[in-house]
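Novice: Structure in structure tokens, see below.
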Amino acid sequence: MKKVTEAAISWNESTRETNNSIVTEFIFLGLSDSQELQIFLFVLFFVFYGGIVFGNLLIVITVVSDSHLHSPMYFLLANLSVIDLSLSSVTAPKMITDFFSQRKAISFKGCLVQIFLLHFFGGSEMVILIAMSFDRYVAICRPLHYTTIMCGNACVGIIAVAWGIGFLHSVSQLAFAVHLPFCGPNEVDSFHCDLPRVIKLACTDTYKLDIMVIANSGVLTVCSFVLLLVSYTIILMTIQRRPSDRSSKALYTLTAHITVVLLFFGPCVFIYAWPFPIKSLDKFLALFYSVITPLLNPIIYTLRNKDMKTAIRLLRKWDVHSSVKS
């Protein structure tokens, strides 16, 4: 009788485990099912990622090696390049290798790591872009106080705050997903893990979670975007009121900054704040801010910045001379 009871208890436990089976991995549906198209996409994004690595590292090396670029604006630009490279590296290598995989799988822990890193670098980038707009505001609207306000300690503090806010934001996002019950569907209709898509696979009502994601990521994104638009509007109005020889250079620099802001925040607003998501569009927008924007940022900042172009030419000449001597 005792053995029968133990067997019944064991069967009940195994049945309960089966009915509430824990998802140990997620399957990405990727960008396309066509083998020919996947080969084309592999080549395309392999080239794109190579450009991301080269372009962003070039900016960092140029800023570090050229003493003329040791200023707050270029210090922040170099940090933006580090974040762009890191943000792209969270998703791009996995996406590229998956083009040759029949089963595009990622472990549950790996998925959580992707979510954490995406929001960590994404949150940090938002703060860096706000800091860059503040730097231009002080340089143009309060030029006499620029060196006092944007001193070395202030710049280091800004970077520390950026990483800190990115960390807190990513932890808050991860808290939504880490304790969710996943017991059935595990296919993510994307090429990477992100919170809005992953929580939809949970075996529970996710309506409140969707609202919390919008309240967290959505509000942060929209508020940062509005703040940037207001600050750049004030700067542009100040330039119009004070025409001078430096106005054209300042306007040239601002155009690059505003372009980068629109490229980064445009997709993020639609992904995290738009209440009526479109699946096919979300996939394209995720691709845009994780691959296209990090590729375009170095191009925008180098092609539209005379100081950067001059510094890169000097760096190339120095490299050629070093090669000849060796």
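Even glycines carry a Cβ here, placed using N, Cα and C.
Just so you know, TrEMBL annotations never went through curation; they're auto-generated.
Pasting the relevant annotations from TrEMBL:
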- 39-61: transmembrane segment (TRANSMEM)
- 55-301: domain 'G-protein coupled receptors family 1 profile' (DOMAIN)
- 73-92: transmembrane segment (TRANSMEM)
- 112-132: transmembrane segment (TRANSMEM)
- 144-165: transmembrane segment (TRANSMEM)
- 218-239: transmembrane segment (TRANSMEM)
- 251-274: transmembrane segment (TRANSMEM)
- 286-303: transmembrane segment (TRANSMEM)
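Could you place the listed features in the three-dimensional structure?
Specialist: Counting same-chain residues at least six beyond the ends of the transmembrane segment (112-132), those with a Cβ under 8 angstroms from any Cβ of the stretch are 73, 76-77, 79-80, 83-84, 86-87, 90-91, 94, 106, 158-159, 161-163, 165-171, 173-174, 177-178, 192-195, 198, 217, 220-221, 224, 227-228, 231, 257, 260-261, 264, 268, 289-290.
Cβ atoms under 8 Å from those of the transmembrane segment (218-239) belong to residues 123, 126, 129-130, 133-134, 136-137, 140-141, 169, 247, 250-251, 254, 257-258, 261, 265, 268-269, 272-273 of the same chain, restricted to positions at least 6 beyond its ends.
Residues 73, 122, 125-126, 129, 132-133, 136, 194, 196, 213-214, 217-219, 221-222, 224-225, 228-229, 232, 235-236, 239, 281-282, 285-286, 288-289, 292-293, 296-297, 300-301, 304-306 of the same chain, all 6+ positions outside the transmembrane segment (251-274), place their C-beta atoms under 8 angstroms from a C-beta of that stretch.
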Novice: What mean pLDDT does the predicted model reach across the domain 'G-protein coupled receptors family 1 profile' (55-301)?
Specialist: 86
